[in-house]
Structures are given as structure tokens and as C-alpha cells.
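Residues or ranges marked as signal peptide in TrEMBL: 1-22. As annotated by TrEMBL, UDP-alpha-D-glucose binding site applies to 55, 56, 85. According to TrEMBL, the feature active site maps to 85, 472. Summarising the annotation, TrEMBL assigns Mn(2+) binding site to 290, 314. Under the heading transmembrane segment, TrEMBL lists 673-694, 706-728, 740-759.
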């Protein structure tokens with residue numbers, strides 16, 4: 001009784017906190033034509049972070065970089081920085097190739113008003129219908145000649161033809177890399193890196209169909225083997241087939257094709273600053289994951305460009321509209337709110353969401369409900385990416401006038417150049433594209449060293465905060481507590497498009513990290529319920545509290561409701577009011593009210609009943625796994641039992657998993673640690689429902705145990721996908737037999753032990 005009562009109190013408490021989002025929702029629009037002339041616009045730095053080329057394919061990262069460079073903004077006022085925490089040679093090579101291609105891509109986008117700024121997405125056919133005439137026939141012929149030159153360069157012009165960019169017999173791995181000195185010497189004479197670079201250029205220009213194949217061979221740039229080289233040559237043989245194939249946009253077919261114009265771009269076109277940063281990392285220094293990488297970019301950009309505003313993007317979050325910077329500036333330059341506005345947040349949207357969205361990858365409740373409500377209460381919370389933040393807001397109160405130089409050094413470090421950049425009149429090292437002085441470049445090396453922030457306030461009181469792996473949540477909390485506000489803008493056309501998780505393993509891994517980061521903050525001195533009300537409005541602190549406590553308030557009740565009533569049902573113990581009782585009507589009213597409200601919100605945001613069902617399932621799955629493990633991980637760190645860790649979300653798509661996702665079929669290829677709890681609870685509910693139903697039929701007493709029986713049935717119906725994966729499916733994505741067997745043993749042990757406890 002006590003466990004069930006506490007669980008109901010926790011769910012009631014978080015429901016109460018969640019009502020604050022519905023207090024005052026705000027929807028905004030902008031009028032970019034009212035902005036000042038281009039020469040009056042402030043400069044913008046763009047930060048893109050990547051950490052692992054194995055999980056974050058270089059070709060996708062470079063498309064993000066190119067899309068940021070192509071924003072509709074004065075190029076001399078746009079500066080793009082890429083942080084490569086992996087220090088990978090392939091990423092640096094990709095940057096060089098992206099710079100070369102940008103000299104063609106940027107004027108092309110500008111001349112034809114291209115909206116889809118990612119080359120990969122544009123040539124994949126994601127451009128709007130009103131731009132169908134921009135890919136003209138002469139340009140295609142020009143690119144065709146470039147592809148042929150690539151084939152000639154690597155001696156592939158007379159090779160045999162193939163019909164697919166990557167055949168199924170290629171099973172590449174690191175084990176195929178050279179192992180003997182003879183093999184290493186032989187492969188050193190093979191132009192592998194150069195060939196892959198040319199394939200990347202071809203892919204970005206006109207051949208998006210080789211994207212997956214190129215992303216595969218890119219993984220072995222450091223130490224390629226003969227099998228890897230054979231794969232590269234296979235792709236080139238495919239290019240030979242496809243050089244004469246193209247898309248002609250028009251309504252009348254090839255017979256009615258007219259050449260409407262072509263571009264002969266001036267290669268002296270102005271380009272945004274593009275900077276590659278790979279910070280120093282040593283085992284003896286904590287590098288603070290993404291927050292540390294972002295702070296290094298703040299330091300380096302401070303002495304190079306020192307733009308007053310910063311756009312932060314995940315490596316896969318590509319710009320999908322050239323006007324996002326101007327839309328953000330409509331708020332940052334608004335005289336009524338600009339002095340206190342810290343950042344403008346755009347929603348995260350994805351280009352690979354299926355119709356059913358079985359993993360709730362679009363996070364509908366957050367970006368379509370909660371953030372609108374938070375915008376009416378001093379603004380939404382930072383969401384990790386897609387936000388334009390004011391540089392000054394990251395510096396806290398340490399840059400106020402009257403503070404002595406010694407205190408500034410203790411806060412910001414010993415770099416004189418960076419300290420001078422805190423002055424609004426500071427002239428950065430690179431002005432209007434001029435050559436950067438060598439002294440400034442040397443200073444950036446000091447700033448990117450692992451020891452620069454020692455004995456400073458970076459990560460504590462200044463910059464992106466370090467006390468949680470969810471740096472955006474804690475950074476936003478501190479900014480709002482310092483008096484900064486924020487706004488949420490969700491235009492009709494998505495300003496940014498990324499890649500969502502399309503398998504259960506990546507979803508749960510990502511969710512565990514998020515849950516851990518939220519609990520990190522909630523059990524620290526920054527607890528929103530204690531720290532927040534003293535420094536910001538009570539309602540806004542409730543927004544932060546609702547997110548911070550959600551892993552705890554969901555995992556404990558759902559574990560309780562999935563086990564205790566079922567155990568009591570098996571032992572004939574009633575927990576809830578009888579159907580004939582007046583209290584049953586209260587339970588029924590609460591249940592129906594919550595369900596009705598959820599369905600209503602799904603429908604008004606463009607969803608369906610199937611979307612609602614999938615969201616219910618994912619909520620249960622995350623509560624049982626992600627929220628539990630994230631909470632335990634956070635508590636273990638608090639007790640000093642383990643170190644903080646950060647696993648980047650895997651952005652490499654497996655074709656079979658993507659196919660299952662698009663078909664609405666769950667993929668259960670994940671660790672036993674994550675899967676076994678789900679299967680165990682499903683088995684427990686199957687047994688309890690079956691036994692309870694048989695008992696009710698035998699006794700003809702539906703009055704006493706109906707609520708518990710219904711609860712088991714509701715859990716089973718919602719999680720039927722797990723039952724299907726256990727019993728009926730035979731494909732690779734089914735629940736492994738070993739996991740099912742282990743779960744059966746755990747269920748038997750739990751029922752036996754629980755029954756003994758209930759007896760006494």
C-alpha cells in the first residue's frame with residue numbers, strides 16, 4: 001500500500017509541475033524585412049561539434065558545415081568553427097574538401113535562392129517545388145565532366161561497370177587493415193586518401209546516391225587495407241555507369257526541356273571564415289565532453305572573430321533555411337527585449353522521421369507543447385543545438401564594469417588577447433577576411449590547450465557549465481537565474497533538420513545520458529526547487545524542476561505499477577477500490593482525464609491515435625530503463641563510485657534497422673542490461689493477467705480485482721511490440737532467446753520472493 005501510495009504522489013507531483021507549461025503558451029512570428037541593412041547587422045560565429053568519425057560520418061558533418069556557410073548573411077560577418085574532439089585526419093581532410101566545394105556551392109545557393117542549404121539533402125531531392133528550375137542542364141554536363149576526370153585520374157575509365165555503389169559482398173572492418181610491414185608499405189603507395197576525397201567531392205556535387213558507400217570507406221582513412229581499396233575502386237566503377245544519368249526538372253519531359261540559364265561563378269567570391277579546431281586532450285585532464293569543446297570554441301573565436309552572437313549546431317543538424325540568422329536577429333536587435341535576451345531557440349526537427357514515429361524521435365511533447373508554454377515564462381530551456389546565443393550572456397557577471405583585472409584573470413584565464421576581447425571595442429585578429437597574424441594563431445594554440453582553464457571560473461560561473469553531462473540544461477538554468485530571458489521560434493519551414501535515432505539501442509543510450517544529466521542537476525546545489533525560486537520566477541523554476549525530477553518521478557512509480565499490483569493479483573490481494581465503490585469513479589475519472597488530455601494534445605499538434613500509442617509505449621520503456629539507469633548513474637557519481645562518461649549518439653544508419661523503423665517494426669538489438677527489464681516486466685504482466693482472468697472467471701467475482709487486471713491488460717496492449725518480438729518474430733531484430741530465458745528466470749525469482757514477503 002505504501003509503495004503504491006508514494007508512486008501516486010510522485011506522479012501527481014510531476015503532473016502538477018507540468019501544468020506550468022499550459023499556463024501561458026506563446027507563439028511568435030518575425031518580419032525580417034524590418035531588419036537594418038547588411039552593413040548594420042552584427043557578426044555571427046557558428047559552432048559545430050563532432051567527436052567520433054565512426055559514429056558521426058564525416059560526410060554528414062561537412063554537409064552541416066557547408067549549410068552553415070551558405071546562410072543568407074553577409075559572408076564577412078559569418079564565421080564557422082568546427083570542433084573535432086576526435087582529432088581525426090578524415091575530419092580535417094573533409095574540412096579541406098568542404099572549403100574547396102564551398103567556393104562553388106555558396107554562390108550557387110545565393111544566385112538561385114536555394115533554401116535547402118545542405119548539398120547532400122539538396123541533391124537528394126529535398127528542395128521545394130518552387131526551386132525546381134535551378135538545377136539546369138549545362139551545370140549537370142559540367143559536373144559530369146568533373147566525374148569523368150576523377151575516373152581518369154585513378155585509372156578507372158576502362159574498368160568494368162557495376163550497378164550498385166556498394167555490393168553486399170563487401171564486409172569491411174578494421175581487421176582488414178594491414179598487419180605486416182610488407183602490407184603497410186604496399187598500401188602506402190596507394191592513393192586511398194586522395195581517392196576518397198574525390199569521391200566525397202563527387203557525392204556532394206551531384207552523386208548523393210553514393211553517400212552511404214563513401215561514409216563506409218571514410219572510416220578506414222587512417223590505415224586502409226587492400227579490401228578497403230577494392231571497395232573504393234568499386235564505387236568508381238559505379239560512377240562510370242552513372243555519369244550519364246541525371247535529373248531534369250520540368251513538367252513536359254525531356255522533349256520540352258529548355259535551358260533557362262547556367263552559372264559561371266567567380267571564384268573570388270567572398271567566403272565566411274572556416275576554422276578547424278582540435279583541442280589538446282590528456283588523460284590527466286578532464287576534458288568535460290561537449291561543454292568543454294564549446295568553451296574552447298568560445299575562447300578561440302573570441303580572439304579570431306569575437307562575434308557578439310553564436311549559433312550552436314550538432315554535427316548532424318543541417319541548416320534547412322537560409323534566413324534563420326536573420327530571423328534570430330529580429331529578436332536580438334529588438335530594442336524592447338534585446339538588452340535582456342540571452343538566446344533564441346529553434347526546435348529540433350528531423351528528416352528521417354517515419355509516419356508512425358515508433359521511437360517518439362521527434363520529442364513532440366517538448367518542442368510542440370512545452371517550449372511554447374515556457375516561452376510565456378521568460379523563455380524556453382537550451383535544447384543542445386539550434387540556438388543563437390548572445391556571447392555576453394555566457395560571460396556572466398564577471399565582465400561588469402569596475403571589476404579589477406586580477407578578478408577577470410581568475411575568471412577568464414591568463415590570455416591577454418582573450419581578456420581584451422571582452423571589451424566591446426576590441427578588434428579581432430581576423431577583420432574582413434584579412435590574414436590572421438601569427439601571434440594570434442599562437443594565442444589560439446594556448447587557448448586550445450587542456451590546461452588553460454585550470455584555476456579559472458570556466459564551467460563553474462562562466463561559459464557552458466561542467467557540473468552535468470547535460471550542459472545545455474544547466475547553462476540555461478544559470479543564465480535565467482542571472483536575469484537573462486529567451487524566446488522560442490518555430491517557423492512553418494524547419495530552419496534546421498537533423499538525423500533522429502532509428503533503433504532502440506541508440507534511443508535508450510541517448511535517453512540514459514539525458515536522464516543522468518537531469519538528475520545530476522536536481523541532486524546538486526542547483527536543484528531548481530531550491531536554487532531557482534531565489535533567483536527567478538517561481539513558475540519558471542517549476543519548468544526546470546519538471547524536467548529535472550522527471551527521471552525520478554517516472555522510473556519509481558512505473559516500476560511499482562508494473563510489479564506490485566501484479567504480484568498482489570497473483571496472491572489474491574486487492575489494492576484498489578472495488579468497481580461498486582464510489583472511490584472507483586474517482587480513479588476512473590482521473591485516468592480518463594489524463595488519457596483524454598494526452599490524445600487531444602497529440603491530435604492538435606498534427607499527430608494521430610497511433611502516434612499517441614507509440615508515445616505511451618516509449619514513455620513506459622524509457623521510465624523502466626533510461627530513467628532508472630540514468631538516476632542510478634547520477635547517484636553513483638554523486639557518491640564517488642564512478643566517473644562521468646559521455647557516449648555520442650550514433651549517427652550511422654544501418655539499412656536493415658532503418659527499413660524496420662520505416663515499417664513501424666521495433667528493433668531489439670540492444671544490450672541485455674537494457675532489454676531484460678522490459679521483457680521481465682512483460683512476462684510478469686502476462687502471467688498475472690492470465691492467472692487473474694482465470695481466477696475471476698472461476699469465482700465470477702469481477703468486482704474486487706478488476707483495476708489490477710485492467711492495469712496488466714493496459715500494459716500488455718501498450719507494449720505488444722515486445723510480446724511480438726519475444727514470440728512471433730524470427731528476424732534479426734527480434735528479442736534474443738537468451739534474453740527471454742533470462743527474463744523468465746528473473747520473473748520466477750521475483751514472484752517467489754514477493755509471495756513469501758506478502759505472506760508475512
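Using N, Cα and C of the backbone, Cβ positions are placed for all residues, glycine too.
Note: the UDP-alpha-D-glucose site is recorded as 55, 56, 85; in the same chain, 50, 51, 52, 53, 54, 86, 315, 648, 651 also have Cβ atoms within 8 Å of that site's Cβ centroid. Across the structure, residue 55 (UDP-alpha-D-glucose binding site) and residue 290 (Mn(2+) binding site) place their CA atoms 15 angstrom apart. For the recorded positions 290, 314, 472, a Cα-Cα cutoff of 10 angstroms around residue 85 (UDP-alpha-D-glucose binding site) retains 290. Residues within less than 8 Å, Cβ to Cβ, of residue 314 (Mn(2+) binding site) and separated from it by at least 6 positions along the same chain comprise 48, 49, 64, 384, 385, 498.
Packing against the signal peptide (1-22) from elsewhere in the chain are residues 369-370, 372-374, 377, 539, 542-543, 545-546, 549-550, 552-554, 556-557, 560-561, 564-565, 575, 594: each is 6 or more residues past its ends and has a CB under 8 Å from a CB in it. Cα spacing between residue 472 (active site) and residue 290 (Mn(2+) binding site): 10 Å, rounded to the nearest whole number. Most Cβ neighbours within 10 Å, among the binding-site residues 55, 290: 290 holds that distinction in the structure as shown.
Straight-line distance linking the Cα atoms of residue 290 (Mn(2+) binding site) and residue 56 (UDP-alpha-D-glucose binding site), rounded to a whole number, equals 14 Å.
Taking the recorded positions 56, 472 in turn, the residue surrounded by the fewest other Cβ atoms inside 10 Å of its Cβ turns out to be 472. All protein chains included, residue 85 (UDP-alpha-D-glucose binding site) registers 22 other Cβ atoms within 10 Å of its own Cβ.
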